[in-house]
Amino acid sequence: MSSDQEMAVFGEAAPYLRKSEKERIEAQNKPFDAKTSVFVADPKESFVKATVQSREGGKVTAKTEAGATVTVKEDQVFPMNPPKFDKIEDMAMMTHLHEPAVLYNLKERYAAWMIYTYSGLFCVTVNPYKWLPVYNAEVVTAYRGKKRQEAPPHIFSISDNAYQFMLTDRENQSILITGESGAGKTVNTKRVIQYFATIAVTGEKKKEEPTSGKMQGTLEDQIISANPLLEAFGNAKTVRNDNSSRFGKFIRIHFGTTGKLASADIETYLLEKSRVTFQLKAERSYHIFYQIMSNKKPELIEMLLITTNPYDYAYVSQGEITVPSIDDQEELMATDSAIEILGFTSDERVSIYKLTGAVMHYGNLKFKQKQREEQAEPDGTEVADKAAYLQGLNSADLLKALCYPRVKVGNEFVTKGQTVEQVYNAVGALAKAVYDKMFLWMVARINQQLDTKQPRQYFIGVLDIAGFEIFDFNSLEQLCINFTNEKLQQFFNHHMFVLEQEEYKKEGIEWEFIDFGMDLAACIELIEKPMGIFSILEEECMFPKATDMSFKNKLYEQHLGKSNNFQKPKPAKGKAEAHFSLIHYAGTVDYNITGWLDKNKDPLNETVVGLYQKSSVKTLALLFSGPASGEAEGGPKKGGKKKGSSFQTVSALFRENLNKLMTNLRSTHPHFVRCIIPNETKTPGAMEHELVLHQLRCNGVLEGIRICRKGFPSRILYADFKQRYKVLNASAIPEGQFIDSKKASEKLLASIDVDHTQYKFGHTKVFFKAGLLGLLEEMRDEKLAQLITRTQARCRGFLARVEYQKMVERRESIFCIQYNVRAFMNVKHWPWMKLYFKIKPLLKSAETEKEMANMKEEFEKTKEELAKSEAKRKELEEKMVTLTQEKNDLQLQVQSEADALADAEERCDQLIKTKIQLEAKIKEVTERAEDEEEINAELTAKKRKLEDECSELKKDIDDLELTLAKVEKEKHATENKVKNLTEEMAGLDETIAKLTKEKKALQEAHQQTLDDLQAEEDKVNTLTKAKTKLEQQVDDLEGSLEQEKKLRMDLERAKRKLEGDLKLAQESTMDIENDKQQLDEKLKKKEFEMSNLQSKIEDEQALAMQLQKKIKELQARIEELEEEIEAERASRAKAEKQRSDLSRELEEISERLEEAGGATSAQIEMNKKREAEFQKMRRDLEEATLQHEATAAALRKKHADSVAELGEQIDNLQRVKQKLEKEKSEMKMEIDDLASNMETVSKAKGNLEKMCRALEDQLSELKTKEDEQQRLINDLTTQRARLQTESGEFSRQLDEKDALVSQLSRGKQAFTQQIEELKRQLEEEIKAKSALAHALQSARHDCDLLREQYEEEQEGKAELQRAMSKANSEVAQWRTKYETDAIQRTEELEEAKKKLAQRLQDAEEHVEAVNAKCASLEKTKQRLQNEVEDLMIDVERTNAACAALDKKQRNFDKILSEWKQKYEETHAELEASQKESRSLSTELFKIKNAYEESLDQLETLKRENKNLQQEISDLTEQIAEGGKRIHELEKVKKQVEQEKSEIQAALEEAEASLEHEEGKILRIQLELNQVKSEIDRKIAEKDEEIDQLKRNHIRIVESMQSTLDAEIRSRNDAIRLKKKMEGDLNEMEIQLNHANRMAAEALKNYRSTQAILKDTQIHLDDALRGQEDLKEQLAMVERRANLLQAEIEELRATLEQTERSRKIAEQELLDASERVQLLHTQNTSLINTKKKLETDITQIQGEMEDIIQEARNAEEKAKKAITDAAMMAEELKKEQDTSAHLERMKKNLEQTVKDLQHRLDEAEQLALKGGKKQIQKLEARVRELEGEVESEQKRNVEAVKGLRKHERRVKELTYQTEEDRKNILRLQDLVDKLQAKVKSYKRQAEEAEEQSNVNLSKFRKLQHELEEAEERADIAESQVNKLRVKSREVHTKIISEE
């Protein structure tokens, strides 16, 4: 809790945010008795404070604060929290959490004007109904960057937390501000926007300049200004709220990568258009109308031709016209200012006001009815003139279009008459359409202005939707608003209560699921499900003659009495009529459906729309420019009136927008703000208890607090936790060794002094209870403060010691000066001193003259030398400048590449983190989808029961509609038509004839009088529509019946396919995610282990080739063993088939015996023999299966172990190969790449096969050469190590000498400068002279020629041959020039060295400095030598690739041999130079000539290396420029090779898994072989890989689907035949069970295969991406090879480590495959266990048959018991085998499950109680059977054992004694096992049922929508066609008669 000083930053807002220290102290010292202080229930106040006086018999007597004594029940008493919890900021921290505690905490805070309170994870705000100073800039600044626990509750705190989460978690955020109407949502939305607009641009004002001339404000100003404009046109006064938002908006504020404001956009939902023309008494229209009439801007009054009195305009004066809390004049200025700031042009601004004024004038248009006619005509034109002027129209055209609209009939337009009522309705519709389209257009313009085109990274969305509304008159708008709030509340409940708890279970935290009872699915589905309210409304809109009453009747028929949330309202006095009531989460709302059909269809006068499109007001013309623009402006509902296919209702558009909104919200991290209405009277400070409690219950506030307290709301990934909180106790995590993040987090938390029950460890995250994370943050801040303080102290101490040392030195200097001054003062008057002063200058001058003479001579000499050296220096300086420039350019290039590499690595790390986050999101989304499916599952059962009923009712409804239409239009009794279609057609023919006669009569009347023309045409049109509708309905219903059936069958098949695919995809996704997490963890562990094993690499080199051969041998052996296993499996499958045949035959025999009723002893004997044979075969088969599986598992394990061991050894050898055999590995890689590439190209170019063979031959030759080079490299490496050691020693000695030289140089500064100049000149002479420049120019010239030749070789292969030959000749010429130049340079350098030797004799003290230069140059020489080696290898590889691709193998051989020879010569020279350098280095301090020889050798090598380096860099550059295509082919080739290896590994795993399962499912074996063949082809033909896999999978799915369809059909047939014959049912159930078992195993097999393939593909993609990254790094390393050899080594080490990691990952993949195989083995064992149980059941049957045979008196009863037991066992097997398909067969299997449970209960009771509580029908029979069975078993147990000879059954069923363990114990064990299996299968069935229900609901919803769309399209199309035909006939007849 902050102190008053800390709260001072909030300024005047501090008292409204947090209690003062004085109040907190008083609360802590307040007397309190926890036992007697309570809340008690009160009928008036809900709860009151009281003091307990006594407790007796469950009753409590208490005295309230008011002094009243009450007696209540114990459960109506709630303990009170201690006073320190009064006005607590987070109600989750309260000791006692219940409704009265929450209510009074809110009430007390509200009384103190603390309107914001935390409630667990969200914030509760109470509307104060007054202005509070808590939103000023001072408060914004105070909340910026504060953690939630550091500042009082506030909307700014929620906003800042969302902002910080967005920056840290890199995830989009959303703030959902919900509550009932009038709760303060709009105000809080504006505050959120104000906060973001303030903090996101602080300090960046200069950057937010307008991007165009139209913008009048900065981006933050525009975002803030959007609210006043939208409120003016979209907000209005309602009964509960003076500034109610009559539209919903979702404001997205986009931020850049740095968190700065980038742009914004607004999405609006469902503007309440009806308010434009109608308001209730206590309400008023939109604010803009009253702002304009406030006369604040008189020019608007004049421009719009209006008055300042709202009562002059009917549309805006139906309710109130003023609002006390709103100043319309000030609001008008704010609106006008917002229009300017938002960049609207002056024309657009004027158009907005004009269209608004025109809407007001529309309400004053008057029309009257013509005399003796129903035709309407204008009653005056003054108002119409004003409206037309404002809209840029002609008033006469406008009135004519309103009164006489033109309707298109066929291809012609017909003028139609309108009644007065129709005209008024059309005017109102036009006014609403203009206002609505203008509003949407303004929103689009605002979005256009707010889109700054700046880069966006993330956004924060703020949702402000109209709150829940309960008015006296609730229409369609209220239903849409309340439905939206219902969906948002469901989203809140799901996020807070379901996802939160599922996250705990997913992470493995012990948690019991808590059902808070907050599921709102019933009400939501009642509104939006098929045949829901919206669906019925849209269906009614499709029928021309549908009315509000028909809509109400359909609602009642569908839902009244069937849905608890749909009720018939009770009539109330003084209230508007209500037609139905809905029970929402916030209360029951009565809805009036008057006019809903028209509102939903939203018709417009097309003639007036045509005028609008031609308006001179551009904005109006733009609004109605056509359907395309309508959709663009967000209003597609007006655009499609010409074709039925484009017809879209308001409700459909609303649902579409709502679904988009919910999708957006689910993709963000939500933050909830719950707004509360304190009272209905808008009184500040007053709180109505019951009203607040109702909102708290509905909003889930208490449940949210409860789950926050019980659960773990805070969580963080292990890696993030370790990184952030390691500072708390760094010693807990050991340094220098790898430790898993989870273990590190556990150790860290264990070492911290916190309550260990307050956190839990999940699989990927650590979870904290509420408040603990804040405590850790405080501890971290304290620790950081301590560390910083300690660091500052040490820094200050260091600075103080330095200052003290300076002071000591100054003091000593002062003492020295003082001593000398005192001494001088003592001797200055001494006579000898005076003489000394006089003589000393004379002596010094004589010496000076001598010295000057000598110095002049020396100066002359030096001057001459200087002149010579100066000339040389200038020449060398010029060269130095050029070289320095080149060096700087290279350094800049290297630096840029290094920065790019760093950026790439950073991006890679970010992508990895993002990938982890996205995977977590995918899991959450998947779980969320599963939750949604579970929510919908309950209703699916009801829907399934009603499906048949609905289809029948729908047919009846269609027939009734046809009948009603005929009764209304034809006035004939058509009851016979419903019974028979033939009679209906006859009636229609008669009706058509009569209508034709009436039409002729009407046409004759039309010729007689023009006055009756319009009325008669209306009748003709009406009758024609009726006739065509009837004809169309009859024809279409007859024709579409068969199409509908076919369509439903097709959709049913598609549904089944989609359900199977969905389930497989979900399962595979979960498996892949789990496997990925395990593999990632193991990958980290393996990387750490590999780092420790690298030291053993050098000892394992000789074993590489032998191990590879061994691997191949083992693989060949494994393939042989796998073939043997396949043969064994085939035999096993045959045996299994024989077993199933015998089993089926045995069952048939048993059934025949049962049907016969009295089997003979011979038949029983035969049955026993067959069963014994069957049992023996089964036992043999099981033993063989176990043996084969054990053998296969052992072989696989042995193979995996050997492969792992060999792979580990290979990995160990890899580093040595790459480090010590650079040339060998690169050339081998190049040749392998060429060979692989030629294999690929050989399919298209057969002529390259010869080159492949040539390359293979050359490979063997190169390997021998490489072996020799390997030995040479080893020797050179050893020499280099010794030289490096000696160089280090020399460097140390040189450092010491440098220090000595620096001291001597102070005394001889002039001479040292000359020496330094000479040394620099000497170094420059050694580096380069005129010969070097000549050689460089010739080399560049040669390189230019080579570049031109290389470009020409792209034009043709012949030109490439000539270019390569010429380049080789020029290279040879250059080499000869180089050799001659080198000889000349050597002679010149020898002369220079002699001169240097003489100088060195005179200046021997400077030898050490020169020696330092020698050592550094030696290092440079070695570095450049390595670079030369690498670059030479690169050139050789590139030349080899070019030669291979262009069929120039011979030239390649020549070039390769030349480079090889040169390479060997260079190595020989290097070896000689190194030996000579080593010998010279040892004698450096004794022999002076050693320096000359070393320098000579050094310069020779430098010259050669530099020339070679220049040549190679130029060649590399031109080859890189000209060979882009070659490199691309190489990359493709390497990718293919990598994919080949990866896919090969995956293929082996997949084959192992498939072969393991092939023995069980023979029908799937062919499909898996097809998968294998497809994968093999994919390796050879990469381009067809994906298509082949898809086709293969599709074939598998189709085959499996067809199999499943066949089994389902057979299953359904079996169920239908069950009613006819029980014997046939048993046989078909056995077949069905067998088929289902095979299909289920096939599905499991396919899922496992698909999961392995997907996992393999993921690893393949990861490896490819990693390889691409490494290739890019390698390319950069090659470019930086000249100056950054150390970086090359580092990157190569990185490459090696990555390669090892990839191989480790492959090994882990193999391990995972092995685990999968082990799991399959376990599965097999479980299947064997199941078979054993089935065997036991069969044995029980045989035993009971034996008992029946021996018990003659009870033979018939025992036989019946055996029949019952067999039926029970068969149904148990049926339930077990068909559980995977229950989602499609639940309805048919419900009875079967019940029978199974019933019989299982009977068996359990029989075993436990001896038949005491049997069902009435079987009681007597089973009792007798039980007694006989027990008596017979006691006498014959030994005989039964001998006959059956089943030792395994004897051991399992514990038949070891004769009397103690009899039939009861055996049956008990069997029943327990069966019951456990039944329960497990029930759980599986429920899960499958839920999935099935979800899929069925989705399918049926789609099916229903499709049916509706097709029906609407067919109806509209047939109506249009027939109307066209009829109109043509009428037109032709009229013309002919005229």
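From the backbone N, Cα and C atoms, a Cβ is placed for every residue, glycine too.
Looking at 1032-1054, 1124-1146, 1791-1813, 1837-1859, the range tied to region 'Disordered' in Swiss-Prot is 1124-1146. Within the set 1152-1171, 1692-1711, 1712-1731, the record from Swiss-Prot flags 1152-1171 under the feature region 'Disordered'. It is 658-680, from the ranges 221-243, 612-634, 658-680, 1532-1554, that Swiss-Prot records as region 'Actin-binding'. Each residue contributes its Cα atom, and for Thr186 (ATP binding site) and Tyr424 (phosphotyrosine) these two points are 34 Å apart. DSSP assignment over the domain 'Myosin N-terminal SH3-like' (33-82) gives 3 helix, 31 strand, 16 coil. Across the structure, Ser181 (ATP binding site) and Tyr424 (phosphotyrosine) place their CA atoms 31 angstrom apart. Spatially close to Lys185 (ATP binding site) yet at least six residues away along the chain are Ile177, Thr178, Gly179, Ser245, Asp464, Ile465, Gly467, Cys675, judged by Cβ distances under 8 angstroms. Mapped onto DSSP helix, strand and coil, the domain 'IQ' (784-813) counts 30 helix, 0 strand, 0 coil. With Ala183 (ATP binding site) as the anchor, the candidate modified residues are Tyr389, Thr419, Tyr424, Thr1500, and the one with the nearest CA is Tyr424. Each residue contributes its Cα atom, and for Ser1260 (phosphoserine) and Thr1500 (phosphothreonine) those atoms are 35 Å apart. Look at the compositional bias 'Basic and acidic residues' (1127-1146): DSSP puts its residues at 20 helix, 0 strand, 0 coil. Taking the mean position of the Cβ atoms of Gly179, Glu180, Ser181, Gly182, Ala183, Gly184, Lys185, Thr186 as the ATP site, the remaining residues of that chain whose Cβ falls within 8 Å of it are Asn127, Asn241, Ser244, Gly467, Cys675, Ile677. Comparing Thr1500 (phosphothreonine) with Gly184 (ATP binding site), their Cα atoms are 87 Å apart once rounded. Cα of Tyr424 (phosphotyrosine) to Cα of Tyr389 (phosphotyrosine): a distance of 20 Å. Taken together, the residues in the domain 'IQ' (784-813) have a mean pLDDT of 94 on the 0 to 100 scale. Most other Cβ atoms within 10 A: among the recorded positions Thr186, Ser1260, that distinction falls to Thr186. Comparing Cα positions, Tyr389 (phosphotyrosine) lies closest to Thr419 out of the recorded positions Glu180, Gly182, Gly184, Thr419.
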